[in-house]
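Structure, as C-alpha cells:
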Amino acid sequence: MNNSPIQTPELIHSPKEIRAKVVAAQKSGLTVGFVPTMGALHEGHLSLAGRAAAECDVTVVSIFVNPTQFGPSEDFSKYPRTLDSDIELLSHYHPVWVFAPEAADMYPPGMSTVVSPPRVSSPLEGVSRPTHFAGVATVVLKLLNMVPADIAYFGQKDYQQACVIRQMVIDLDVATRIAVCPIVRDDDGLAMSSRNRYLTPAERTAALSISRSLRVATERLEAGDRDAESIAAGMRAEMHAAGIREIDYAILANPQTLETLQTATDTVVILIAARVGGTRLIDNCVVSLSPTE
Ligand code: PAF
C-alpha cells in the first residue's frame, strides 16, 4: 500500500475517455499499470493494485462484471456489486483511475465478434465451464484496447486464466506486458476470492481442505514422491473427508500446457476446482522440484 494520504480515485465510465487519458499520460512520459477486475475487491485485488502503484506512475482498475464469462446456471445475477466500497478501498493508492464501463458500452447492439481462446483454455475450466474463456478472452482484449497500459496485472489464483491471457496477447500482438502476481490467502489458508462471501461458517471449514490438500501434495512432492496420480488421489480423499462431494478436478499438471501428469517432473502446477455447498472455488500452487538423483 502506498503511504500517501487518502485520495478518492477518479471514476470514469466512458471507454473513449479512459483511453484518451491513458494515451495522454503515456505521451507525457508516464507509465500506466492496469488491474482488470469484476469488483467486490479483496486483499488479493489490492495486492495487484499495490504492485501496479509501486511499478507504474498511474494505476487503472477496471470494475466490470462481465456477463459473457458466466454460464447460464452460474452466479452472474447474484455476483456481488460493491462499487462504492471498492472505490474507497482504492483510495489508499494513487493516482488511481477506476474504469467502470456500462454493459451497453462493452457489448453494444450488433456486436458479434468473439475471441477464440488459445489451446490452453481447453482442459480443466474449459471442460467445466465451456464458454467461460471465450468470454474472458473477449472482454480482456476489449479492456486492453480501451486501457492500452504498459503492464496489466492478473492474479495467479486464476492460473488457467493467466495462461490464456498470456498466450492471447502473444498470439494477437497486444503490446501490454502481462504480470502474474502471487495468490493472497486468509490466515486460515483459504485463497482470497470474491465468492468466499457466499460460504457459511461450516462451508468455510470444509473449504479449508482445498488449501490443505495443496499443502499435503506439495509436501509429498518435496519429500521425493513423483507419483502424480497417487498424490492427486490423496488430495481428493482429503477433500472428501472434509465433506466436499463435488470435485471438478484435483490434478498435477504441466505448468505451461496444463496437461495432466502421471509422473511429476521438475516444475508442476497443482490445480483444484471444487464446489462447496453452492459455491465453486478454485485454488492452485506451483511447485519447483530439485532433481531426485
Ligand atoms: O479475473 C477476473 O476478475 C475476470 O475474469 C477478468 C479478468 C476481470 C475479466 O472479466
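Residue positions begin at 1 at the first shown residue.
Glycine too: its Cβ is placed from the backbone N, Cα and C atoms.
Remember, TrEMBL labels are computer predictions, not curated facts.
What TrEMBL lists as ATP binding site is 38-45, 155-158, VAL184, 192-195. Taking a C-beta cut-off of under 8 angstroms and a sequence separation of 6 or more, VAL184 (ATP binding site) has the following same-chain neighbours: HIS42, GLU43, GLY44, SER47, GLY155, LYS157, ALA191, MET192.
Annotation for HIS45 (active site, proton donor): spatial neighbours VAL35, THR37, VAL61, GLY155, criterion Cβ-Cβ under 8 Å with sequence separation of six or more. If you look up TrEMBL, you'll see HIS45 marked as active site, proton donor.
Sequence annotations record features per position, and here TrEMBL assigns (R)-pantoate binding site to GLN69, GLN161. Around the Cβ of GLN69 ((R)-pantoate binding site), the number of neighbouring Cβ atoms within 10 Å comes to 21.
Per TrEMBL, the feature beta-alanine binding site maps to GLN69. A helical conformation is recorded for GLN69 ((R)-pantoate binding site) in the three-state DSSP classification.
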Site with most surrounding Cβ atoms, counting all protein chains shown within 10 Å, from the binding-site residues GLN156, GLN161, SER194: GLN161
Cα separation, GLN156 (ATP binding site) to GLN69 ((R)-pantoate binding site) (Å, whole number): 18
Packing count at MET38 (ATP binding site) (other Cβ atoms within 10 Å of its Cβ): 19
Neighbour tally for GLY44 (ATP binding site), based on other Cβ positions within 10 Å of its Cβ: 22
